[in-house]
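Encoded as structure tokens, the structure appears first; notes follow it.
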Amino acid sequence: MDQSNRYARLDLQEADLIAGGRHVLCAYVMKPKAGYGYLETAAHFAAESSTGTNVEVSTTDDFTRGVDALVYEIDPEKEIMKIAYPVELFDRNIIDGRAMLCSFLTLTIGNNQGMGDVEYAKMHDFYVPPCYLRLFDGPSMNIADMWRVLGRDVRNGGMVVGTIIKPKLGLRPKPFADACHEFWLGGDFIKNDEPQGNQTFAPLKETIRLVADAMKRAQDETGEAKLFSANITADDHYEMVARGEYILETFGENADHVAFLVDGYVTGPAAITTARRQFPRQFLHYHRAGHGAVTSPQSMRGYTAFVLSKMARLQGASGIHTGTMGYGKMEGEAADKIMAYMLTDEAAEGPFYRQDWLGLKATTPIISGGMNALRLPGFFDNLGHSNVIQTSGGGAFGHLDGGTAGAKSLRQSHEAWMAGVDLVTYAREHRELARAFESFPADADKFYPGWRDRLHRAA
């Protein structure tokens, strides 16, 4: 059934919809299946996403028609479809009237993902009007709070030098804590890898107790504050809270040095909101393991990594992994930097929409996946700044001289970039950085041709 006479209004102007402030706008790349018209399929998509179905129903009244989602722009050649969703469609909490991301997803990326007349449809951007934006929690903490703990400038404190303890599974509590101590002697921040939790060979309570002690010892030995991101991911709300409370109690006076990591993609919006509301004084570390199933450019359905990041800021993530923008081992490209800008800027341009965040606190980009000291300068050149959390697993513990030296090499790489000094030149007077060239020779050859002669040349 062609529903374009009801669910399509191509005379609507995007600027007018934004000025009206009553619609969430979504931009998709959509292709109908063979034999279906573009506008007809787009209208069915909007109907299925809001007030309609595949037939007219007798219970529809004038009010119902007033909250229809409307297709307002199409470009069949480029497969672009834009839909305006009235804000009244989205579910709100009965306890406080706040917005819920699960409702946003249910409507905009819900049943429409399985429609028989749609070959594929993927959301590439969305716009949130002020009246709806104000109903989301947004972050309570971000990198500025980490800088404060570290004793840095809270406006431009620079890269937080971090790692992921490797191997990701198989370490028992003491070796795990020993690895933490080793890295902290040179670095700032350690995160649990996403599967690390309460395995039988590494009970959480024993591991956390030893890690808290390792942090105290490292702080005493270096005179510097240290940070730890502890995984509290769980299916059950009460389990998450129990883990969080135990961790804070165990770290004691260093509780403000602790972030909580939640696997936000696999556990969903409920887990992120649980952590955000139950622990508002902790940095909420959004890990996105599994997201590539829908966000990868190879996937033609779902939504992009840009959309995931934007949703994370709405929900209140203090930081979210944003990949390495083509400079590490994970899928990505240099243009992905717009993802970081959308997280950090007061107003930013997306692929289709400009979003004004109305003072909502920024979310911190977390950079990980195949990074080491040799890859950092190019990454920072592309991004234009270094106010990120950077976590290198192999880039730290793959250093020939161990985790402490690996951490120092990462810090020295950042120092060189901040000073505008060529990395090979800087390495001549910084042993750990020099050894990073020897630790990762394939990267050294790729990014710094002739480094061997230059590194050992007399200054």
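Cβ coordinates come from backbone N, Cα and C, glycine included.
Per Swiss-Prot, the substrate site holds Asn111, Lys168, His321, Ser368; the candidate it also names there, chosen from Arg134, Arg148, Arg288, Arg301, is Arg288. Least crowded of the binding-site residues (Asn111, Ser368), judged by neighbouring Cβ atoms within 10 Å of its own Cβ: Asn111. It is His321 that, of the recorded positions Lys166, Arg288, His321, has its Cβ surrounded by the most other Cβ atoms within 10 Å. Cβ neighbours within 10 Å of Glu194 (Mg(2+) binding site), excluding its own Cβ and spanning all shown chains: 20. For Asp193 (Mg(2+) binding site), the nearest of the recorded positions by C-alpha distance turns out to be Lys168; the candidates were Asn111, Lys168, His287, Lys329.
If you check the recorded positions Lys166, Lys191, Glu194, Lys329 against Ser368 (substrate binding site), the ones with a Cα inside 10 Å of its Cα are Lys329.
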